[in-house]
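Copied over from Swiss-Prot, here are the features:
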BINDING   8-10, 34-35, 56-58, 61-65, 100-106, 131-135  4-CDP-2-C-methyl-D-erythritol 2-phosphate binding site
BINDING   ASP8, HIS10, HIS42  divalent metal cation binding site
SITE      HIS34  site 'Transition state stabilizer'
SITE      THR133  site 'Transition state stabilizer'
Amino acid sequence: MRIGYGEDSHRLEEGRPLYLCGLLIPSPVGALAHSDGDAALHALTDALLSAYGLGDIGLLFPDTDPRWRGERSEVFLREALRLVEARGAKLLQASLVLTLDRPKLGPHRKALVDSLSRLLRLPQDRIGLTFKTSEGLAPSHVQARAVVLLDG
């Protein structure tokens, strides 16, 4: 058994798209990032990589490489899954905490879990998804923290 932890955050700006868990979320603000800025998938990618000492998303997909400009974060997550599965790992469970003040994510919970289930190839009862706000301490950012449990 192995456990991995990942974390990511991005500044939010007016007029940018907000991607979370692979979905475009209706929002007046979105992530300022080199890729699509999906903090949720970035944290999950880092969690998978950390479980096997494979570095992090910045090592595999550096923001200095123009190939990754605007890239969908699903590409990064799929590669991290491929790398751990090549080592005989099976993803058993994922837990994710998303912190942002706006927009409220409650109305999108089902769609977000559906997307994570599809991307991670896990049943929905093996995915934990928690929403938090910064209580006004950091209203212009999104943060994601992820923990994964793998067998192998």
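Backbone N, Cα and C atoms are what each Cβ position is placed from, and that goes for glycine too.
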| field | Residues close to divalent metal cation site centre defined by ASP8, HIS10, HIS42, Cβ within 8 Å | value | SER9, ALA31, ALA33, GLY37, ASP38, ALA39, ALA40, ALA43, VAL142, GLN143, ALA144
| remark: Expressed in Å to no decimal places, the gap between the Cα atoms of PRO103 (4-CDP-2-C-methyl-D-erythritol 2-phosphate binding site) and THR133 (site 'Transition state stabilizer') is 10
| message | Quick check for you: of the recorded positions HIS34, HIS42, THR133, which have their Cα within 10 Å of the Cα of ASP8 (4-CDP-2-C-methyl-D-erythritol 2-phosphate binding site)? | response | HIS42
| request: Inside 10 Å of the Cβ of HIS10 (divalent metal cation binding site), count up the other Cβ atoms and send me the figure. | output: 24
| task | For the binding-site residues PHE61, PHE131, work out the Cβ neighbour count at 10 Å and name the residue with the minimum. | result | PHE131
| message | Using other CB atoms within 10 angstroms as the count, which residue among the recorded positions HIS34, HIS42 scores least? | response | HIS34
| query | Relative to the Cβ of SER35 (4-CDP-2-C-methyl-D-erythritol 2-phosphate binding site), which residues of the same chain, six or more apart in sequence, are found under 8 Å away? | reply | HIS42, PHE61, ASP63, TRP68, ARG69, GLY70, GLU71, ARG72, SER73, PHE76
